[in-house]
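Novice: Quick paste from TrEMBL:
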{"type": "ACT_SITE", "residues": "HIS255", "note": "active site, proton acceptor"}
{"type": "BINDING", "residues": "TYR25, ARG165, HIS255", "note": "glyoxylate binding site"}
{"type": "BINDING", "residues": "78-80, SER107, GLN128, TYR130, THR156, LYS231, SER253, ARG258, 286-290, 309-310", "note": "FMN binding site"}
{"type": "DOMAIN", "residues": "1-360", "note": "domain 'FMN hydroxy acid dehydrogenase'"}
Amino acid sequence: MGEITNVSEYQALAKEKLPKMVYDYYASGAEDQWTLAENRNAFSRILFRPRILIDVSKIDMATTVLGFKISMPIMIAPTAMQKMAHPEGEYATARAASAAGTIMTLSSWATSSVEEVASTGPGIRFFQLYVYKDRNVVAQLVRRAERAGFKAIALTVDTPRLGRREADIKNRFVLPPGLTLKNFEGLDLGKMDQANDSGLASYVAGQIDRTLSWKDVKWLQSITSMPILVKGVLTAEDARIAVQNGAAGIIVSNHGARQLDYVPSTIMALEEVVKGAQGRVPVFLDGGVRRGTDVFKALALGAAGIFIGRPVVFSLAVDGEAGIRKTLQMLRDEFELTMALSGCRSLSEITRNHIVTDWDAPRALPVPASRL
């Protein structure tokens, strides 16, 4: 295999190892997959303006998220059905996140329950929530997450219907035998039926509430004391409304380019959302982060931290918990190096002036006009 030296290398290895239906489910995006490629490509249109001759012998990457201290601004995004990737699934992810001193977000559609994940030991964990038509199911799940020690809800708001993922339609995607959506097992919602298209798309059509609106964000606040992060915001308008409705934070996300194709990459939408939030709540980003340089670029554009999704499932598939640990360590090391070479010793020193983008106004040279 040769030594793995960067996060992206896990994907090809995961493709070799996983059944086609499973790999395609994790890897694919919506329709033409334009946004899927753009989530990555957009990062390459942002360049650095490194500052030199600064003492970078000590680099501090620590930060706080909703008051919780973590070792670095790199966290784990919710990804569904992780036992398809590896028998230990979400247990391995939880242990790797805890070992790295960072936050794991557990998917509603996990193949391990909130209680099972809590049983792996201490750690700061968030719970990603899909709102089902049956609100008693939602209330029960939120209560269980809170009891299991989860610290925040990441409310997914970009999925009133499932995006069109053509690989899943071709493969007639369904949960492999022996696996269930563990959080819903006792509620008779844990099984996914074989369908003529994607079994998941049919499940969503049957169970997930298309009427979801801002009033439901208020309702959620009334049933839990956990802070609510609104996940799936791409515009300044919705950032403002999220703040008005009491969101504790915003996650700029296009659902890994799996919902509406031809939305911008998240790194391109980030600055607009940050401006819309007006500093009143933290803004996070997921989508396309594969390098420490990507993390730095997101922070320079105003993100308080980032979440990784696919890199977690691909490294989990290849090497279980150790794979995820290595993914987090490589990103951490690359990010630390990027900070050092940019002249930043702490996250607060990373500024908009450390990057340059295509859409920046040309910089006026600080030279007297008479000398030009």
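Residue numbers in this text run from 1 along the chain shown.
Each Cβ is built from the backbone N, Cα and C atoms, and glycine gets one as well.
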Novice: Across all the protein chains here, work out how many other Cβ atoms are within 10 Å of the Cβ of TYR25 (glyoxylate binding site).
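Specialist: Result for TYR25 (glyoxylate binding site): 25 other Cβ atoms within 10 Å.
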Novice: In the structure shown, with every protein chain counted, which of the binding-site residues GLY288, GLY309 has the densest set of Cβ atoms within 10 angstroms of its Cβ?
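Specialist: It comes out as GLY288.
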Novice: Relative to the Cα of GLY288 (FMN binding site), which of the recorded positions TYR25, ARG165, HIS255 has the closest Cα?
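Specialist: Considering only the listed recorded positions, the nearest one is HIS255.
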Novice: State, in Å as a whole number, the widest CA to CA span among the glyoxylate-binding residues TYR25, ARG165, HIS255 given in the record.
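Specialist: Max Cα-Cα spread across the glyoxylate binders: 13 Å.
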Novice: Just how many other Cβ atoms lie inside 10 Å of the Cβ on PRO78 (FMN binding site)?
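Specialist: Counting Cβ neighbours of PRO78 (FMN binding site) within 10 Å gives 26.
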Novice: Out of THR156, HIS255, ARG258, give those recorded positions positioned within 10 angstroms of ARG165 (glyoxylate binding site), comparing C-alpha atoms, in sequence order.
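Specialist: Near ARG165 (glyoxylate binding site) by Cα: ARG258.
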Novice: Nearest to TYR25 (glyoxylate binding site) by Cα, among SER107, HIS255, ARG258 (recorded positions)?
Specialist: ARG258
Novice: Near the Cβ of ARG258 (FMN binding site), how many other Cβ atoms are there if near means within 10 Å?
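Specialist: Excluding its own Cβ, ARG258 (FMN binding site) sees 24 Cβ atoms within 10 Å.
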Novice: Where does the mean pLDDT land for the domain 'FMN hydroxy acid dehydrogenase' (1-360)?
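Specialist: Result for the domain 'FMN hydroxy acid dehydrogenase' (1-360): average pLDDT 95.
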Novice: Hey, for the glyoxylate site built from TYR25, ARG165, HIS255, who else sits with CB inside 8 A of the CB center?
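Specialist: Same chain, not in TYR25, ARG165, HIS255, Cβ within 8 Å: SER28, GLY29, ALA30, LEU162, GLY163, ASP168, LEU200, GLY256, ARG258.
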Novice: Could you give the Cα-Cα distance between the residue listed as 'active site, proton acceptor' and THR156 (FMN binding site), in whole Å?
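Specialist: Between the alpha carbons of the residue listed as 'active site, proton acceptor' and THR156 (FMN binding site) there are 9 Å.
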Novice: Looking at Cβ-Cβ distances, which residues of the chain lie under 8 angstroms from SER107 (FMN binding site) while being 6 or more apart from it?
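Specialist: Same-chain residues close to SER107 (FMN binding site) (Cβ under 8 Å, separated by 6 or more) are PRO78, THR79, ALA80, MET81, GLN82, GLU90, GLN128.
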Novice: Looking only at Cβ atoms, how many others are within 10 Å of the one on HIS255 (active site, proton acceptor)?
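Specialist: There are 24 such Cβ atoms around HIS255 (active site, proton acceptor).
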